[in-house]
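Here is the structure we will look at.
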Amino acid sequence: MYSEKVMDHFTNPRNVGEIEDASGVGTVGNAKCGDIMRIYLDIDEEGIIKDVKFKTFGCGAAVATSSMATELVKGKNINEALKITNKAVMDALDGLPPVKVHCSLLAEEAIHAALWDYAEKNSIVIEGLEKPKSDISEEEPREEY
Amino acid sequence: MEKKIYLDNAATTKTRPAVVEAMLPYFTEYFGNPSSVYELATQNKKAVDEARNTIAKALNAESSDVYFTAGGTESDNWALKATAESYSDKGNHIITSKIEHHAVLHTCEYLEKKGFEVTYLDVDENGVVKLEELKKAIRPTTILISIMAANNEIGTIQPIKEIGEIAKANNILFHTDAVQAFGQVNIDVKDMNIDMLSASGHKLNGPKGIGFLYIRKGLKLRSFVHGGAQERQRRAGTENVPGIVGFGKAVEIAMSTLEERQKKEIELRDYLIERVLKEVPYVRLNGHRTKRLPNNANFAFQFIEGESLLIMLDMQNICASSGSACTSGSLDPSHVLLAIGLPHEIAHGSLRLTLCEDNTKEEMDYVVDTTKEIVAKLRSMSPLYEDFVKGMSRQ
């Protein structure tokens, strides 16, 4: 059901953990849908993401997308991190099953939420960053039978 | 462990070698159509009759009341839709429970669209239908009560004899989906006042693609599949002779080993349940502690999600299942776990282990040890667990 890369990032997730006194923390998703992602960012004075950690409650794809998202933002500056889309996360994982695409959207949103928190804490405006949604839920059309 | 430990017998079971052996001649040697007049078909007819007799005996039913179908889902569809149609002059109300299999629930939803009214009864925290609520739900227009004999997810066994009595006292038909219960616990359709009963072959070590609906004599149930005159003109289509023969053989073995299997499975199940409840923190057993299928254990582990757990168990050669949303492709967790009152986040972390007689105590030990490690690993990654621990330390 999952690609080898997804399985790799699920079974050996990179950057699991917490950062004390993080520059920015973002938590998105809800337990009702079964996915919650939390991303911690450590950003230096130059705006470079020096370190990143995550914790995720969710399925294999949720863990793998969080892990990959942290890999993609690590070492990047804020503007580069902001440009990382859910598609980039999916591509880096060699794709996701269609029902799991929302996990990659959640990962993108978790990064944005952490950046938003950083911006708020430092009273700055990051151009192009909108206030993140606390949740990504796709309304699945109910099938008729 | 190198060997796969299969703990998903509520999903399907391994076909017994003796069952396969019994079926084989009906593919090659006795391949004739039972409806044919020539001698080649005679053995087929005989074999179908024998299987029907074996199944009828297992239920204390009449052979002529057992109708073969393609499986449990078809049987449920037939029982509900045909009752609704045939008895619509009497009323348009059906009573069922919130924890039925989708074969019943989605059929009820379909019937609602056709103008029928359906009451979905709540269950208690153990998943048992409340008899007082059932009595209260009865209306003059109630034509059918459909309550499963045992639940497929949490294994809770329903008081079907009491439900049968209530149905009979109120002159309402009673159907039970016994797909999980048949061959696992004793069922007597006469003693329990069951009017219709659905069952399936592959849940009791028989083949897939075969099931039956028991219809008590005297019920005016219309045909569901139209065509030839098979199954006393009530279920058309050339008989699945190898399937029927295999089903018959599986029932014969299941009934002759019933007590012995129950004893062995209950012992293993209770050992598994006790170890998990004792050794894993923040876990609960779903379903009734004792009134449950001999082979069913269902746990909810707080702070983790079921699919992650299943994939990691699979990597350690353990085949299990979950009521998790992610395994079913929808975002909602199991309707059964929500109905017994679990909050969403806990319902997402469920694990169903359904044993068979071949499992061993050593396997249970391996499963518990492995599950403990995986649960701890997933919790160390869980933001819900992090919040919980921080909340504890603040207190």
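Backbone N, Cα and C define each Cβ position, glycine as well.
Positions annotated as domain 'Aminotransferase class V' by TrEMBL: B:5-366.
Under the heading pyridoxal 5'-phosphate binding site, TrEMBL lists B:GLY72, B:THR73, B:ASN152, B:GLN180, B:SER200, B:GLY201, B:HIS202, B:THR238. In sequence order, B:THR12, B:THR13, B:THR15, B:GLY71, B:LYS208, B:GLY209, B:ILE210 are the residues of the chain that are 6 or more apart from B:HIS202 (pyridoxal 5'-phosphate binding site) and have a CB within less than 8 Å of its CB.
Residues or ranges marked as N6-(pyridoxal phosphate)lysine in TrEMBL: B:LYS203. Taking all protein chains in view, 27 other C-beta atoms sit within 10 angstroms of the C-beta of B:LYS203 (N6-(pyridoxal phosphate)lysine). The DSSP secondary structure for B:LYS203 (N6-(pyridoxal phosphate)lysine) is helix.
Per TrEMBL, the feature [2Fe-2S] cluster binding site maps to B:CYS326.
Feature annotation from TrEMBL assigns active site, cysteine persulfide intermediate to B:CYS326.
The binding-site residues in question are B:THR73, B:ASN152, B:GLN180, B:SER200, and the one with the fewest Cβ neighbours inside 10 Å is B:THR73.
In this structure the residues listed as binding pyridoxal 5'-phosphate are B:GLY72, B:THR73, B:ASN152, B:GLN180, B:SER200, B:GLY201, B:HIS202, B:THR238; their two most distant Cα atoms lie 30 Å apart. When pLDDT is averaged over the domain 'Aminotransferase class V' (B:5-366), the result is 95.
When the alpha carbons of B:LYS203 (N6-(pyridoxal phosphate)lysine) and B:ASN152 (pyridoxal 5'-phosphate binding site) are compared, the span between them is 11 angstrom.
Counting neighbouring Cβ atoms within 10 Å of each of the binding-site residues (B:GLY72, B:GLY201, B:THR238), the lowest count belongs to B:THR238.
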